[in-house]
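These come from TrEMBL:
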type     : residues               : note
SIGNAL   : 1-20                   : signal peptide
DOMAIN   : 43-159                 : domain 'DOMON'
DOMAIN   : 165-364                : domain 'Cytochrome b561'
BINDING  : H204, H240, H273, H309 : heme b binding site
TRANSMEM : 205-223                : transmembrane segment
TRANSMEM : 235-256                : transmembrane segment
TRANSMEM : 276-295                : transmembrane segment
TRANSMEM : 307-328                : transmembrane segment
TRANSMEM : 340-364                : transmembrane segment
Amino acid sequence: MKPAIIFLCLLLSVLDHGSAQSCDGETFSSNRLYTTCNSLAYLSASLHWNYHPSNGTVDVAYRAQQSSGGWVAWAINPNGSGMVGANAFLAFQGSNGAVTVYTTQFSSTGPQPSDVKDENLTFTVYSKGGEYSDGYYTIYATLELPRNDTKQNTVWQASTTFTNGVPYGHPSGDNYKSQTNLDFLSGTAVSTGGNSWLHRRNIHGVLNAISWGVLMPIGVIIARYMKVFKSADPAWFYLHVACQVSGYIIGVSGWGLGIKLGKDSAGITYHKHRDLAIALFCLATVQVFALFLRPKKDHKYRLYWKIYHLAVGYSIVILSVVNIFEGFDILDPAKKWKRAYVAIIVTLGAIALVLEAVTWAIYLKRRQRESEKSHHGANGANGYGVREHEML
């Protein structure tokens with residue numbers, strides 16, 4: 001259980017990220033000057049601005065690193081946080097090679113490419129423009145702060161994917177954390193990258209990694225190898241049940257949270273991850289009921305029950321590990337979390353290989369001893385002999 005505990009502690013830790021470089025010293029074309037700047041925590045971006053309290057307007061320059069074939073975006077969300085409700089400025093190279101800046105509203109987490117268009121925002125935009133130079137896009141704009149409030153929820157993005165010639169889609173990871181509550185008067189910013197939705201995604205990943213990805217394999221190892229040792233009977237059975245039942249309960253919690261996340265993310269569906277999760281839930285539920293349908297050892301259907309129990313159990317372990325890695329690809333966390341899980345799986349696999357060799361040696365030794373007894377009129381294999389190992 002030690003690897004599982006270490007992995008849980010790692011996953012529950014706050015995911016760190018590199019510190020942002022200072023925005024001081026950045027310069028802009030046409031001798032544009034800005035009195036305040038903020039080095040944004042993610043996506044190698046910064047925001048510069050001049051706030052005009054007399055009329056509640058602000059001149060902004062959003063600067064972000066990106067390839068010339070990609071796009072960047074900066075937005076204000078007047079009524080919430082994140083993408084839904086964001087009023088965005090998107091910069092990308094048009095068909096003529098010049099930088100184009102769209103103003104676009106996003107009303108859902110699953111917009112269609114046709115929704116990405118140049119339109120009016122919910123607040124007044126007096127001017128907008130953009131440029132690309134030395135690996136950076138810059139968006140220039142003068143706008144009216146919604147409700148004349150200097151504190152605004154802001155969002156920014158960067159990607160290289162396009163659909164029908166317009167920016168569409170972006171990776172996960174830091175792209176989901178790129179939001180902050182910014183005070184245009186004081187210049188202070190409070191990151192909202194750890195918003196409740198992202199926090200729930202991380203909890204979903206932790207629950208499923210620990211349950212399906214760690215506890216279930218440990219339970220299988222206990223059942224397959226500990227029963228060979230006479231001193232472990234019947235402790236192995238209770239440990240096996242404890243691992244599998246607790247893994248099932250935690251896993252179903254993570255599965256239910258995943259359903260809720262899916263409902264909150266209309267238009268975004270990870271089909272393979274979802275289908276594997278449904279299959280796992282169904283197989284695991286059937287496996288739990290196997291505990292209540294378990295025939296006695298001398299029952300004529302015991303052999304068929306064992307075959308079904310083993311087949312379903314190993315299928316759950318294989319599908320679990322596959323789907324954990326699918327989840328890593330979706331969440332896109334720091335590489336150390338994936339490496340930590342790989343280390344746990346490799347460790348459990350090594351333990352299983354060692355125990356496989358040890359238990360087979362014990363089995364062969366017992367079979368030889370039983371064979372010798374049979375030559376002297378003994379009664380054959382005892383409960384820990386041949387038939388015992390066949391149960392594995």
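Here, residue 1 is simply the first one shown, and the rest follow in order.
Cβ coordinates come from backbone N, Cα and C, glycine included.
Quantities reported herein were computed from a predicted structural model and do not represent experimental measurements.
Note on the transmembrane segment (276-295): residues 212, 241, 244-245, 248, 251-252, 255, 258, 301-302, 305, 308-309, 312-313, 315-316, 319-320, 322-323, 326 of its chain, located 6 or more positions outside it, place their CB under 8 angstroms from a CB of the stretch. As a summary of secondary structure, the domain 'DOMON' (43-159) carries 6 helix, 65 strand, 46 coil according to DSSP. The binding residues for heme b are recorded as H204, H240, H273, H309; their greatest pairwise CA distance is 27 Å. Its Cβ placed at the centre, H273 (heme b binding site) has 20 other Cβ atoms within 10 Å.
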